[in-house]
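Engineer: Handing you a structure now.
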Amino acid sequence: MNYLNENIDSLNKKLASGELSADKLAKDTVANIKETDKKLNAWITVLDDAKPAENLDYSKSKLAGIPIAIKDNIITNGVKTTAASHMLYNYMPMYDATVISKLKKAGATFVGKTNMDEFAMGSSTEHSYYGATHNPWNLDKVPGGSSGGSAAAVAGGQVVAALGSDTGGSIRQPAAFNGIFGIKPTYGRVSRWGLIAFGSSLDQIGVMTKRVKDSAEVLNVIAGGDEHDSTVSVREVPDFTKFIGQDVKGLRVAVPKEYMDAVSGEMREVIQKQIDTLKDAGAIINEVSLPHTKYAVPDYYIIASSEASSNLQRYDGIRYGYRAKDTKNLLDVYVKSRSEGFGTEIKRRIMLGSFALSAGSYDRFFRQAAKVRTLICDDFDKIFAENDVIVGPTTTEPAFGIGEEVSDPIKMYNNDILTISANLAGIPAASVPAGLVDGMPVGLQIMAKRFDEGSIFKTADFIERTNKFYEKTPTGMED
């Protein structure tokens, strides 16, 4: 089953009418993944025996019988969950993450776990124990990261929807690089229980699909309260599909100078064209400033690395995960297991975080970073007092070549300069396809105030209806 021209509504109609059975859909999906993944390497685990739930009611749940991909840092009962790390190469969870339980209740079919940067730390899906994932638009390019496997699986027509996680842009940047829609909800909108932790104050599970409405359908299911996660909001979840097809007349759209100045040439023209489309439809365009954007990258890497160094202390070779052989004593077990189990990028982040949290550095680095984070939040609050959404480029460039930046951490980190601030502020943000630059997709980022994902869906759906990017086929998947 190839999903390049399918969406959740079209599949639901075929399933409900009997034109297609959920069993056949699952089998055909797995077969197509195995065939096309020879090009992409988007999957770590493919479930050969993937089966739909019994007694599916297609009239009550749009997700009934729909195959969905899961990023491999989201816990799945009885299905190997590795976070793309040698440290967890044999980890078999005994419970489901809350989002998985909710999707099962809705009747979704799970077909496997997607590739990613190890422990979600990366921007290219090259930092994976299972090898790099390839971009469906050009197999020599990266798919972005860390949710690159999920993005490539959707863009390559392997599935119609996938879950990802976003700590500093890990849903939006791959969505932009692969020409799909990806949304990071408000921090606290979706339960993080069962998400393998990277940066606990930044992490958020989100959705990646080819069509905007499909993400709304999935977010309807996974959003909402959870007794296992004290940070998740218990506020009522609106029906996000109600924002699809709405008019944007009168929508107040802020365009940050700092974001537009970060791009030039053809890329700026593509982004500006989408902004002009909103203006032509009656949206009110306001140029604004987010002055602390220039501090976002160093601020993020101090906070995220500090939280990561704490979260990753649990991987010691004792309770679970990789355990080194030929060790002499307990300390040797710790040192060798972590040295051999973690990849280079993980060790780099642990060292950075441990330094920032050390007694002699805490006040100079982590405490100062927390203050800068507050200033970034204040910037957004001021803008949203007079605007409904903020739009601009998702990334500063289209997808780069595999191997081009993997050995240059500073250059790799700067890929996140336009996405990081939304995580620091905890606001919802998404990327919707804007067009092509040199044959590769670029995305328009849309941000809104906390818990106003509806404005994002309204804006993104309008852009999608206008440019119809979903009609394009990734050139790397053409026979």
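Placement of Cβ uses the backbone N, Cα and C atoms for every residue, glycine included.
Take a look at what Swiss-Prot says about it:
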ACT_SITE  Lys71  active site, charge relay system
ACT_SITE  Ser146  active site, charge relay system
ACT_SITE  Ser170  active site, acyl-ester intermediate
Engineer: Restricting to the same chain and to sequence separations of six or more, state which residues have a Cβ under 8 Å from that of Ser146 (active site, charge relay system).
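Structural biologist: In sequence order, Met116, Asp117, Ala120, Met121, Gly122, Ser123, Thr125, His127, Ser165, Thr167, Ser170, Pro174 meet the Cβ cut-off.
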Engineer: Output, ordered by sequence, the same-chain residues six or more apart from Lys71 (active site, charge relay system) with a CB under 8 Å from its CB, or 'none'.
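Structural biologist: Non-local contacts for Lys71 (active site, charge relay system): Lys113, Thr114, Met116, Ser147, Gly149, Ser150, Ala162, Leu163, Gly164, Ser165.
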Engineer: I'd like the Cβ neighbour count for the residue listed as 'active site, acyl-ester intermediate', meaning other Cβ atoms within 10 Å of its Cβ, all protein chains included.
Structural biologist: 37
